Each structure stands twice: as structure tokens, then as C-alpha cells.
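Structure first, commentary second.
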Amino acid sequence: MELIIAPDSRAIATIVADAIAALLDRKPDAVLGVATGSSPLAIYDELATRYAAGAISLAGARAFMLDEYVGLAADHPQRYRNVIETEFAGRVDIDPANVQGPDGLAADIPAACAAYEQAIVDAGGVDVQILGIGTDGHIAFNEPGSSLASRTRIKTLTVQTRQDNARFFDGDLEQVPTHCLTQGLATIMSARHLVLVATGLAKAEAVHHMVEGSVSAMWPATILQHHPHATVLVDEAAASRLQLASYYRQTYESKPAWQGI
Ligand SMILES: N[C@@H]1[C@@H](O)[C@H](O)[C@@H](COP(=O)(O)O)O[C@@H]1O
């Protein structure tokens, strides 16, 4: 696992956008894994800026979403499909038909989850998966206790996650759905490169466990320790509980630029 401590989310976004631009250069039909939440927003801003400047094109790219709330109306602004359209897909030239997500309105949820897994396989797998992390260490919506071998399925959200996300629902916990569909931890682990972004003090404990704790379903993000190519980008606040912070800094500072992330 590579750990990068950067000054702020803009600096993080530049590093991640550089990696995505390099990927698109060598593979114009790259498969991106896109995440919701506030953590990836600066990355989407940076990609939109580079697209507007003519520096990158996502015309051939494909994208798969991590997760979706169950039961939110098709036009609900917090439906993750709509959030991804607003924050990412609608700001670049990706073909909307090439952006897929789990169907939180499916009548047959197990069938929809199986079909989603197959769609990712049929696309050749995800090249780079952008991830955030919940304060309880969840990735996508794999809450504590999630099987480390899980695939796309329905999950019950914890009260903590619903409270964390209530800010997107007028601060009203009752409006936050209780269930979601989410890629499983094994689904996420199948991506060729994982890029996890975390900023702010509220993430410091989860980041510490993810990077330096024991691998455990109680801190689902610890599964990244088993990935051969995982990059974790954090700001100073999110890094504040890391025991080996100075080692990570030295390692990144002495890394040749040509290596990228
Ligand atoms: N399902 C999403 C996760 O993918 C995201 O990582 C997490 C953290 O969100 P934020 O980046 O806003 O802190 O929120 C939600 O639970």
C-alpha cells in the first residue's frame, strides 16, 4: 500500500487526475470506478477542468459506480446515479450509456446484483477504482462485519453512516434510506488499482486502522492491505493518527516522478 500525505484535497486531486490522464492516454476505453460522497469531489472538479481545457477526453471511457441507495425515486437528487451525473459524468464527455450503477429500484434485487457483477466482468474489470472511507471504516457501503469475500448485494446501513449522510438529506435522519446495494469487498478488490481518498480529522481513526491495523471485517477498508496496487491519499488531519507518518512522507518525497502512483 502506498500512503501519500498531501496538503489538501486539491493537491490530492491533481495527483489522482494525473494518474487517470495517464491511464486514458494508454487506454482510451479505460474502465473507471467512481465513488460518491464528498471525498472524490475535488477529483471530479479537476477532471472536468482538464476536459474543458481539452487536456483529456473520456469519450471512450466506461464507468461503474460503487453503490446505490435502495428505494430512492429515480429523480431524487441524492440517488447516487443522479449524484454521479451531476458531479462527474455530466461535466465530461463520457457516454451516459457507459456509466452503470447498481439498480436500487430493481424488483428482483439479487438478480440485479448478479447482473451488475457480470457487467463489470464483461467490461474487462475496473482499471482504477476511486474510493472514500466512512468514519467507521466502510468502503462503498460495506459496513463493519461485511464479508471480506463479499460481492454486490443489499446491505443495511448503520445508524452512524445514516447520521454521517443525513447532511445530504436536509440533516434529517428519517429521510436517509435504511438499505443500499453495494459492490462487495471482493468486487472492489478485483479492480486493478485502488485509489482511496480521505480528508479531515473525522477520518483519522479509520485511516489509522486501514493502513496500520489488523485486517478485520470490523474495519472493512483494512482489506486494502491485501491489494497489490492500492494508493491512499490523505491530508494532514486524516493522517494525524498514523504511527509511521514520517516514513510515508520520506518514501513519497524520494519517489521518482516517472513512477506515478
Ligand atoms: N457510500 C459512500 C462511500 O462510498 C463514501 O466513501 C462515504 C464517505 O463519504 P464522504 O467522502 O462524504 O466522507 O460515504 C458513503 O457512505
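Don't overthink the numbers, they just go from 1 along the chain as shown.
Keep in mind that glycine also has a Cβ here, set from the backbone N, Cα and C atoms.
Features as listed in TrEMBL:
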- D67: active site, proton acceptor (ACT_SITE)
- D136: active site, for ring-opening step (ACT_SITE)
- H138: active site, proton acceptor (ACT_SITE)
- E143: active site, for ring-opening step (ACT_SITE)
- 10-227: domain 'Glucosamine/galactosamine-6-phosphate isomerase' (DOMAIN)
- S146: site 'Part of the allosteric site' (SITE)
- R153: site 'Part of the allosteric site' (SITE)
- K155: site 'Part of the allosteric site' (SITE)
- T156: site 'Part of the allosteric site' (SITE)
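Confidence for the domain 'Glucosamine/galactosamine-6-phosphate isomerase' (10-227), expressed as mean pLDDT, is 97. A gap of 8 Å separates the Cα atoms of T156 (site 'Part of the allosteric site') and E143 (active site, for ring-opening step). In sequence order, the active-site residues near S146 (site 'Part of the allosteric site') (Cα within 10 Å of its Cα) are H138, drawn from D67, D136, H138. D67 (active site, proton acceptor) carries a strand DSSP state (E or B). Among the recorded positions D136, S146, R153, K155, not one has its Cβ under 6 Å from an atom of ligand 1.
For the recorded positions D67, E143, R153, a Cα to Cα distance of within 10 angstroms from D136 (active site, for ring-opening step) holds for E143. Across the fold, the C-alpha of D67 (active site, proton acceptor) and the C-alpha of E143 (active site, for ring-opening step) stand 12 Å from each other.
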